[in-house]
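Asks: The GTP binding site annotation in Swiss-Prot covers ASP46, VAL47, ASP65, LYS67, GLU117, ASP140.
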Amino acid sequence: MLLRSGSKYIITAEAREEIKKRNGKLVTIDEMVEVSKSTQLDSVGDVTTTNLRRAGAKLFLQIVDLKTKRGESIFQHEEGSITVRNDPGTISFDLIEAIKSSIENNKPTRIEVIGEEDLAVLPIIYYSKNNTVIAYGIPDVGMAALTVTDDLRDHVTEVIAKMAIE
């Protein structure tokens, strides 16, 4: 994901359609707690992250924006978190770098996003090793998960190629 400082990827209609082709499987909290015992588990979204933590899941990456789907700020900042800006419908250079650094340095990290974290799943897939599991929330539905494979990473590369760069 080559991007220069200050730049960002912007979702396009074509990229959004490509994303829809690979939805994760609906999962339960208990399933994800079990997964976290033997596999790297990352979470995207405040409700997903909070529920997994309360249930005792071991999380490597936690990416949150401290808001609910309605925009209410009901979640709290945690000391030691990395804070990055990421506008809705985009993937910022700073978000990519925070994810990449955490994965490359094998350092569990909580990233608090000012803006929106929804598209963070893409750079997580791009940089994660195979078999990493990423849990994320689907509003009004539940929680879904994707397992990183070479095929999924190739799909993400195609999605990114269809995004605009600003």
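The backbone N, Cα and C atoms fix where each Cβ goes, glycine too.
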Asks: Between all pairs in ASP46, VAL47, ASP65, LYS67, GLU117, ASP140 (listed as GTP binders), what's the biggest Cα distance, rounded to the nearest Å?
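Replies: Output for GTP binders ASP46, VAL47, ASP65, LYS67, GLU117, ASP140: max Cα distance 18 Å.
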Asks: According to DSSP, does VAL47 (GTP binding site) fall in a helix, a strand, or coil?
Replies: helix
